[in-house]
Structures are given as structure tokens and as C-alpha cells.
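Enquirer: Before we start, here is the structure in question, set down as C-alpha cells.
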Amino acid sequence: METLFNGTLSLGGRDQETTGFAWWAGNARLTNLSGKLLGAHVAHAGLIVFWAGAMNLFEVAHFVPEKPMYEQGLILLPHLATLGWGVGPGGEVIDTFPYFVSGVLHLVSSAVLGFGGIYHALIGPETLEESFPFFGYVWKDKSKMTTILGIHLILLGAGAFLLVLKSVYFGGVYDTWAPGGGDVRKITNLTLSPSILFGYLLKSPFGGEGWIISVDNLEDIIGGHVWLGSICIFGGIWHILTKPFAWARRAFVWSGEAYLSYSLGALSIFGFTACCFVWFNNTAYPSEFYGPTGPEASQAQAFTFLVRDQRLGASIGSAQGPTGLGKYLMRSPTGEIIFGGETMRFWDLRAPWLEPLRGPNGLDLNKLRRDIQPWQERRSAEYMTHAPLGSLNSVGGVATEINAVNYVSPRSWLATSHFVLGFFFFVGHLWHAGRARAAAAGFEKGIDRDTEPVLSMTPLN
């Protein structure tokens, strides 16, 4: 075994003496070994795809079609179902074979990536510059770096267009807003108006505005992917064909660690945005698969008891609650008729099971008396008992049952994990940006290894 004191295992430019990094500093040792760094990245991609395939098959093996996905702790099958695979009206799973195929495809792909990663890490050339100049690079080569950036942008654009093609031509995607409680449909009438799509970016992120997270129809989502895909592809071509302008050469730090920090910063933003998207948005993340949003579960409870008490003879339009406000219905600050009780805070919720009961001025009393359909009652009762909550204090009036089934909503899992990961990536961004800027400014980075405690300790073996 190689330790700091036992240098018998030569690592060809990958030991602490030549790189300044010990083995546990990972890819930092490979900063200037493009071939070995390629191996590390391909192997990492293999691990990611292996997880996707294995977890996918694990979820398929444990899936019970009679129960909703969100009751089974699934996070991958909901994504496949949202893309329209294996589901029918109301989000009912009618065929699990596409999910099995997805798992196997990812597993096979991971084997190819794993082989490539091991090959480049152990057998392939240490550096690519001599043998394969097209794939070689030097971190300071600004033109080459923007070419690599361009290639990445084109790949991202192609990915965006894959979703467009699936939605428009290849079977469509699941639309939670389809009449009668959701269905798979082709998205034909795409929104391509820049004023609508870029208007989302100009919205406030707070309250009912909700920035891009307020998108509530698939036409806007898929049309937005047409724009994003086009921007990424044209931007990629631009970056391949051009060299950085003088202001860009001056503004950025051009080193491997700087690029790492930029990437971590971008991924941090993605993580925080994904957190908000999966928590609040029930169009991109349909409640049939991910469970209701918090506001949705709260409003569903108010609706469920309105239905019950109306059947028992209550006058839902005039009954007063304990505060003197309407017990079942009240008016919002702007005059709309909304659900009464603690759920008033969520009065601007929009959900497919509730919208048919609205009129021009909020909830329509006549529709609530005459038009409620059985599927709306069933769905709201289901959502009421599956709130994505675990709170010590008030939860918007939702009756949380501590002795109930062991249930954690996929929305809770996905929102929490992406917030935590987004935060860690942000810290990593600050850390690596600080190191990269220090190195560029020419002063010492990191801690002085001469006084590092581990150097005075006895070797492990």
C-alpha cells in the first residue's frame, strides 16, 4: 500500500510529490493529465448511469400498480410516467415494460461507460495532446476552452430537442390538465411567442408571481424547450467558431479549477431551481405521480369537507366558522370566492381537479352545488391524506396523522435533496473560486503542508 512514507508504488505523475495532492484529493492529481482525467470522468458517468439503471429496475421490481407511485417512495418511475411511458387516463399505469426497458438500457450503457473509464484510467495515454490533438487541451488555451464549451452547449440543446420530439411526434407526454383528470397527449400547439416565454424570466420569484416555476401548461414548457434548445445550439456554434473577446479574456480566470467553480455555481442554481419546481409545480411534476403539493393537499382537505358537509345539509355559502369568516367559503383580498379556514393562505393554488369548479370570480357556488364529479372527490380525498409535510407546527390546516402509514412524499425527498445538494455545490463553488482566484493572483493557496498534522503521524501499516 502506498502511504506518504512509502513511495514504492510509482503513479507516473499522480503521486503527492509531483502533483502536490494526496490520493484522497481525487481528480486534482489529474489536472494536467488529460487522458487520465478523461478516464475519471467517463468512469464517473458510468457510476451515474449505473445508479439510474439499477435504481430504475429496483423501482420496477417493487412497483405495485394498485397503489399510487407517490405512496411507494418512487422517484424515477414518476419521471418516466411524466414522459408518457406506460400510463393512460388519470395517470393509471397500464404497462410497466417501458420502465424495464429504460432500466436495462441504462444498465447496458453504464457497462460501456465503465469499460471506457477503466480503459482511459489504466491503459490509455496519460495525455491526449500528442496522440489525439482534437481531444487534447491546455487549460489556459482560451480558444480551445470555448470550443469545448460550445460542444457542451450543442449537446444540451440536442437534449432539449429530444423532449420536444417526444412531446410532439413520439407519443406525447402526460398532461395533468387533460379533461377528465389527466391523460397522455401530443403537444401540437406549442407556445413560441418570446414575450410569453421570456416573460416568465422577468416575473418576480415571490408569491403568486413565481418566476419560471409558475408555468402551468405544457404548451409553454415544450415551446420553452424549443427556444432553449435553439439558443444552446446556436450559442454552441458561436463559441466553437469564435475566440473570446478581450473583455472576456480579462474578466475570467482561465484555469481548470476556475472552470470547476463556474460549473459548480451553475449546478447550484439548477439545484435550487429544481427544488422549487418539484415543490410548487404540479404541471411539470404531475400530482398523480409525485403526490400533491403542500398547498394542493391543504385545499384538497377543505374541498373534501365541503363536499361531506354539503351532503349532510350544510349551507356552504353562508356557514360561519369560529372566527366569523366563512367556514367553507370566503372572499380573498381581491374579491374572489376562495376556500375558508386555514387553507385561505393557499387561495391562489391551481390544480386540475379544482379548476373546473371556478367561475369568472373565483369558486362558483352553483358549480360547487351541482357539478362536482366523483373523480374530483376521490382525488381530493387521496391528496388530503398524502400531504408532502412533516411539521411540528401548523401545516395549513391539513390533518396530519402521526399513526398513519409510513409515508414521505417524493416531493419532499426531491425538494430536500436538491436544496441540500444545491447548497453544497454553492459552497464548493465558493471554495474552488477562491482557490482559483488566489492561484491566478499568484499567492499561496490552501494550507502549508509542512505543518500538516498527518505528516508527523505513524504510517497506518
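Each residue, glycine too, has its Cβ placed from N, Cα and C.
According to Swiss-Prot, the [CaMn4O5] cluster binding site annotation covers Glu355, on the basis of sequence analysis. Annotation comment: Swiss-Prot describes Thr3 as N-acetylthreonine. If you look up Swiss-Prot, you'll see Thr3 marked as phosphothreonine. What Swiss-Prot lists as transmembrane segment is 57-81, 122-143, 166-188, 243-263, 279-300, 435-459, and the listing cites sequence analysis.
Any idea what these are sitting next to in the structure?
Expert: Sequence-distant neighbours of Glu355 ([CaMn4O5] cluster binding site): residues of the same chain at least 6 apart with a C-beta under 8 Å from its C-beta are Trp177.
Long-range Cβ contacts of the transmembrane segment (57-81) within its own chain (Cβ-Cβ under 8 Å, at least 6 residues beyond either end) map to 87, 91, 93, 96, 98-100, 102-104, 107, 174, 285, 287-291, 382, 386, 405, 407-411, 413-414.
Nonlocal intrachain contacts for the transmembrane segment (243-263), taken as residues 6+ away from its ends with a CB within less than 8 angstroms of a stretch CB, comprise 31, 139-140, 142-143, 145-146, 428-433, 435-437, 439-440.
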Enquirer: Which of the three DSSP states, helix, strand or coil, fits Glu355 ([CaMn4O5] cluster binding site)?
Expert: helix
